[in-house]
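These features come from TrEMBL:
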ACT_SITE  E502  active site, proton donor
BINDING   W359, D360, K614, Q615  substrate binding site
DOMAIN    16-245  domain 'Glycoside hydrolase family 65 N-terminal'
DOMAIN    324-701  domain 'Glycoside hydrolase family 65 central catalytic'
DOMAIN    710-757  domain 'Glycoside hydrolase family 65 C-terminal'
Amino acid sequence: MGKIELGEWSVSVSRWDRSWQPQMESLFCQGNGYLGVRCAVDEPVPGQKRDTFIAGTYDSCFGEVSELPNLPDVMGKEITIDGELLQLSGRNHEDYCAVLHLDNGLAERHFTYRTEQGKQVKVKMERFVSLKNRHLLMQRLSLILEEPAKLEIRTGINGQVSNSGAQHFTEGTRHCVPGEREELSFQAWDSGVRFAAACAPRLTAGSYRASIDMDRRRIGTLYHISAEKGEEIVLENAAAFYTSRDAEYWDGESPFADSPFKETACGKHKSLSIVDDANALAAEAAKAGFDHSLKESGEAWQRYWDLHDIRIDSDEVFDSCAARFALYHLRIMTPVHDERMNIGAKGLSGEAYKCHTFWDTEMFLFSSWLYTEPEVARRLLRYRYLTLPKAKEKAAQYGCEGALFPWESAWITDGEVTPSEGAPDVVTGKPIPIYTGTQEIHVNADIAYAVHRYFEATDDTAFMEECGYEMILETALYWASRAEWNEEKKQYEIHGVIGPDEYSEHVSNNAYTNYMASWNINEALRILERLRQADKTDLLEALEEKTGAVSREVWMKDRAEKLALPKPDGRGIIPQDEAFLNLPELDLTPFKKGGRKILESFNVEQLCGYQVLKQADVVMLLSSMPDLFPEDIILKNYQYYEARCVHDSSLSFNVHSMTAARLGMTEESFRLFRKAAGVDLNGGLSSAEGIHAAAMGGIWQCIVLGFAGLSVKDGRLAMEPHLPESWRSVSFSFVWKGERFEVTVDHEEVRYGKTGGCSKGLRPVGVTDEPGA
């Protein structure tokens, strides 16, 4: 799509390139956390992915693991001018520009199109997904002809969609009043979730007629227009989606109940039908008009930016835009409205990873909400709690106590949804076996650690008593039962795992896994001791009834005291696992500097035999728990493992950047921050299948936790900045224990002022008050 052009509040391109269209669809994705739409252009383009998703509506197909189904498309248009289909090529248009406005979520394109007969048409296409009403998306098309022409515009609801060939829906029912109302209602085959899509098109033109345009799984309007010279033809389209899984309608029972879920299409909302409500919203929005709804959505965006914006004072616009690009995508991928849903690895921007939730949420995305809108962080953790019954089932399946959370998670009752096989192996040609669902068990401690961090930052005792304590205790029980006794070494060990580095499979005593497991068990023991000292007898009895952990305290303590924790060797290097430091080296120059992909030369099984990392592992441990080891050990391990890391995961650059910043390696940290920010903004094709969600959270972490140096030490906030040389300052707000602070960090000092909330007597360490604050 040509070179990406960045502004303080915009991302744009000024040249059409069809080969870059998949990247644009992801970068310009629009949404609100409930609804996500890839920004495929209005007109048909070969190979485009016209994906529309609604959070939480997972469905399985033909025995495959569940995925978010791709919904009918309401944005596509076919435009013909004197019988010629409008379709861009290299020579039939000029003045092309496509812009995503980060401040209000509006995407627009404009260009002058030239037909084969030489007629010129000025084209402008605009669209947005409402942040005010999560069910609504709107679109506007404007055509101005320089001479008379016969136009046809085909619009409507196209259900001829699939997930890479998998069709999740019944054909459904269709209704249409041409030029006024279009509707399609349908149902998912396996889950039974019902959907309703409605459109209310409104055409402004001098002379036209409208007729029904219908095909299998498609309903719409075909406009026949006689356009005069200079006449502006405007088509506005208001579209609405509703589902039976929306909280307003859903009457599913608790996942903790013995009986299965039941879902119906109505029961708790203003009408008896999701179809009626979809039609009503579309009609209401069409009457109000595109500009009115855009203004309302823009006001909702402004409220978001008031809390989340990061202001970087620098001569280079890239860093400011990267920060706001990340914050924009963090908002549109997060289901802030519903605790039954979480964030997918690609947000709602593409089908990759089937929109499943990974550890990305707790370790890369969570902080950006915890310190800005902690109530959203609470909902993300509540989602994990709603999956706890299935986590307990998974632990029992492997002969363990407690709970083992899924590596890949979808709907709250789906349980583990990691596929068993992946793409063909580059060496053998056979499907690659996927072991993460059974071996990447560190997700258990990652979730428990997020619960701890939430309570640390909020003092939300109600949450802990409702579910937080239970989650930490259940995960601790799993670790204690998962550890195996080594009689020769007189220690408990954890075998057959994958740590964060997914180029090391089937390993024993992975440092990250074991240290996190140790923390998890010890935190459970600390909780029991605190509750006992606080004389919380009733609560302890309730937790014992739910988990059995209170009576297993001595047993857990024995495991915690004797669990193998890899120590630095004579060089100060912490072994990533028992075997890693004994493996041969591999020259990584072609992959770290030459741009080659290592998986094009080796398969994962081969890489497991070398000192090669996909992403941060020991460095991930040191980033997550920086007080475990002294700074000289952290530095030695950073240097050792970064040299052996090919950063094949979008999760890697930001972890190394944060660690480098804390070590005072500002130039190195900034270089890696630019790499992290460039994962999606680098103009390449890496984002064709969707935005890298965790990288968006990682950008926030680099800036706030890395460069600004925000951290928690002994229960108090600390700020130890290491700003890049090219930044004069960075400003942002954060929340700590119910109190919001506005912070400005420059090369001389840290200034903050309070903006409201109830003070808990806690102040950041190492900062000064703004005058008059």
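Each residue, glycine too, has its Cβ placed from N, Cα and C.
A quick note: this is a predicted structure, and the numbers were derived from the prediction, not measured.
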Model confidence over the domain 'Glycoside hydrolase family 65 C-terminal' (710-757), averaged pLDDT: 91
Non-local Cβ contacts of D360 (substrate binding site) (under 8 Å, 6 or more apart, same chain)? I343, A345, L651, A693, A694, G697
Using DSSP, what's the helix, strand and coil tally for the domain 'Glycoside hydrolase family 65 C-terminal' (710-757)? 0 helix, 34 strand, 14 coil
Quick one: Cα separation, K614 (substrate binding site) versus the residue listed as 'active site, proton donor', in Å? 6
Residues near W359 (substrate binding site) in space but at least six apart in sequence (CB under 8 A): W407, E440, H442, V443, D446, I447
Starting from the Cβ centroid of W359, D360, K614, Q615, the recorded substrate site, name every other residue in that chain with its Cβ within 8 Å, sequence order please. F358, P500, E502, S649, L651, S652, A694
D360 (substrate binding site): secondary structure state under DSSP, collapsed to three categories: helix
Rounding to whole Å, the Cα atoms of Q615 (substrate binding site) and E502 (active site, proton donor) are apart by 8
I'd like the Cβ neighbour count for K614 (substrate binding site), meaning other Cβ atoms within 10 Å of its Cβ, all protein chains included. 21
Name, in the order they occur in the sequence, the residues of the same chain whose CB lies under 8 A from the CB of the residue listed as 'active site, proton donor' and which sit 6 or more residues away. T436, E440, V604, K614, Q615, S649
So for Q615 (substrate binding site), how many other CB atoms are inside 10 Å of its CB? 22
